[in-house]
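Student: One structure, pasted below without further comment.
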């Protein structure tokens, strides 16, 4: 048995990517820190909240596009802050307009502003509309495997279940549910929300996720740029461990070799 | 606040190391695979069971030193297979003789051959004797914080608690005990035993361990060389995440920014 | 501070109950074992799958009502085996007919026959119809707090999230999600599915659930009647622990009393 | 297969007991609360710290024996507050004197006053001396299975590993280690320390422990007497669940019955 080739690129909506770490742009001190952290993360896809981000509409305020160049990164406008399907759809259309026809979006429709847990009913409704309207939809959702399958059935290009609540840093609270989603999905599955530190990200990748999206874990670390680099390696480590296929767990220890025939006895 | 400098080297017994991943040499298909995996791991310290390893005593058998050159690696002879203090001490002396006065050893005295759990009473006894005899002792032990402190008091140069049983791949079963050890130790603490996959290794480093020693997790992966590379990155990711200081965990989600004053409304 | 009074009865749909353990009737060897286990459990509410149960339609087969008397127990017909809202609604109507107008039902609409995970979209649809049609609906659902709230908004009388997959025995895989549901609910919340053993049931009650419904944990234990008794006590223990309000968790030990002034020194 | 008989009594040092819940007497508001909680717990064995307890030496202070009558309960003097073998041995001898030759003791030798983690080396030393001196020793220890076996070999009558730190309420932090102890022991194994709430106690019993000793979990609950009753039931529930032999865990759900041949279709 030969070792697998180095990792292959992954694809979503006809686009090809090497990096499996997707990052957000919120919660940083300023755009300079945003730019430095994004660069250190090695991310190729960068997401931003359409409703909270200046892409030039306000000529006097800092413009995200100066920090995160659309030439260098694939921008992923998201619908953070939307609590209904219609709000989310309207927000996606606004993004498409601001970005000259860009149709790759991250859909999120939230259930309340305390937990930011997704509202899956409204999410399904918005996904339907967006797909019909020609958007390529990557979709934030709960860890419900039936909803995940349904989102895929309705034409979403990637399914993005939470690990735990947005901004909570609790990691993967229910790996069993994530596993059910992974077993059934034919589109990329990416963990979106809940990652707190490097081992959380590695674990998601070891389970077979195509990628991980995070924001707070980097932006709210004491040293965001250092954490961005840590996450880059953690994602690669987890991916390679998945490809390497981990050792089986055993109830009891195994000595390194037979205890008979010790050389130096 | 400026970001911390890149990681500093760590020290044990007056020696300086950059890599924080220590690897074993057992359980591989052949010495060629051993050499490839060790190289891919980036390890600087390589451990081997004195009682099971040919360092040239048997001129007709493969010699570990051909695969793992003492010029390139710091060899760490260990006492795997020893169940009493006297056996372990004798084994260390044999190693010193075979390696021309090399006095850095990994002491392990095991409790039984089913669990390979350490016998801490015999370990303390052996540590005493070895320290008196001029050895630099890195010591495999349980996750008992009082025993760990006592081993340090008796002059051990590094304390190496298990994460879970040797060869079990269950990761860190009791992080709370490991934390107690880390809080008190003034010598390096390295997790030795139990690591199963990359996220386990990252987690140990995030907690503040100086390093991690592993063997089965690499050797018993389906693709050992790939896993060795994954572990190298996981250790670095976990170390950098520790230096970056992770975000606090929160009970509830936090939106990326205030929901007032959305730009595009 | 005086101790709380003994536990109060709980209510659902205008009915009052003392026992907080609800049990199923499937998977037993025969109706005699069913009857013995149900009796040992102390349950007052007993659920059965309408589509799999003979209530007398087949005069030649054993009749559940002979084992579980409607005079002694509150029967809770459920829609196990239904994968669409319309199937579930039809099944509830059939139950109402068979049971002479009985309108308390447990709604479950499943997503697939491998996981039996709920289909929350179809569940919401069925709940709407059933409530409009005058049913008192206790509803099996995922651990999604937004869906749980929505089911309550649509008039369900009790919300019954899974602990883990039906029949899996994995206990509460995501207590954090269950806690979100409990924080918001104004109707009784009962864990339905996933309980494997007594401590699982106690844990659900300690979190503040109004009750727990189980079937496999009793029926698939080696000694179902003994397990039924164990579960009865576990539910009471967990409820009383909830009322007693547990000690806070502490990072470090606390000695039983000051170490100064020891009497016998 | 018939159901197992009701639970049998258990034995330690030739004494027979029915209750498997052992309780401490410290940390209560006053002796009246102590007495009420002990009574509600159903405990037959009650432990107290010899060095902190007035058994009549101080005629003007409240006497524990008035609250916990030696006629009704088996007293278990313990060596809490002792940090060396010699202190612990001296304390046991004092207890024997105060209690007219009573020779059943709970040995604990602590490692430091912050964690109250056991010092297993000193504990082994004290156990040796006490056994030689005719004491029946129940011994508090870590979850180290090799030390537990050694304590049994030296003649201890019961082995009492911690679940987590004394007074921490974290429950069983390392069930895998506890399982190793249970697999090897031929004397009763009781969890001593760390229990926080009812489900923790049930879990310990489900694993096959002979009993559980606790103090803070009852005394530091908001309503100690209610918690004492909860613990009584939790211990019985866990014991009965152990005897009933729990259902196997399954990766996937199992429907209650075949989906073919539904009666009402």
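Even glycines carry a Cβ here, placed using N, Cα and C.
Worth saying up front: this structure is predicted, and the values here are computed from it rather than measured.
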Student: B:111, B:134, B:155, B:167: which one does TrEMBL list with B:193, B:194, B:215, B:216 for the 1-deoxy-D-xylulose 5-phosphate site?
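Tutor: For the 1-deoxy-D-xylulose 5-phosphate site that includes B:193, B:194, B:215, B:216, TrEMBL also lists B:167.
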Student: Hey, does DSSP put residue B:215 (1-deoxy-D-xylulose 5-phosphate binding site) in a helix, a strand, or just coil?
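Tutor: SS state of residue B:215 (1-deoxy-D-xylulose 5-phosphate binding site) = coil.
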Student: For residue B:106 (active site, schiff-base intermediate with DXP), just count the other CB atoms lying within 10 A of its CB, please.
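Tutor: That number is 27.
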Student: What is the Cβ neighbour count of residue B:216 (1-deoxy-D-xylulose 5-phosphate binding site) at a 10 Å cut-off, with all protein chains included?
Tutor: 24
Student: If you measure every Cα to Cα distance among B:167, B:193, B:194, B:215, B:216, the residues said to bind 1-deoxy-D-xylulose 5-phosphate, what is the biggest one in Å?
Tutor: 9
Student: Going by DSSP, is residue B:167 (1-deoxy-D-xylulose 5-phosphate binding site) sitting in a helix, a strand, or coil?
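Tutor: Its secondary structure by DSSP: coil.
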Student: Identify, in sequence order, the residues in the chain of residue B:194 (1-deoxy-D-xylulose 5-phosphate binding site) that are 6 or more apart from it along the sequence and have a CB within less than 8 Å of its CB; answer 'none' if there are none.
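Tutor: Non-local contacts for residue B:194 (1-deoxy-D-xylulose 5-phosphate binding site): B:162, B:163, B:164, B:165, B:166, B:168, B:169, B:170, B:171, B:172, B:173, B:200.
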Student: Run through the Cβ atoms and count how many others sit within 10 Å of the one on residue B:193 (1-deoxy-D-xylulose 5-phosphate binding site).
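Tutor: Cβ-Cβ neighbours of residue B:193 (1-deoxy-D-xylulose 5-phosphate binding site) within 10 Å number 28.
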Student: Residue B:216 (1-deoxy-D-xylulose 5-phosphate binding site) to residue B:106 (active site, schiff-base intermediate with DXP): how many Å between their Cα atoms?
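Tutor: Given the Cα positions, residue B:216 (1-deoxy-D-xylulose 5-phosphate binding site) is 17 Å from residue B:106 (active site, schiff-base intermediate with DXP).
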Student: Applying an 8 Å Cβ threshold (strictly under) against chain A, tell me which of the recorded positions B:106, B:215, B:216 fall inside, in sequence order.
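Tutor: Listed recorded positions meeting the cut-off: B:215, B:216.
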Student: Test of understanding: give the count of other CB atoms lying within 10 angstroms of the CB of residue B:167 (1-deoxy-D-xylulose 5-phosphate binding site).
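Tutor: Other Cβ atoms within 10 Å of residue B:167 (1-deoxy-D-xylulose 5-phosphate binding site): 25.
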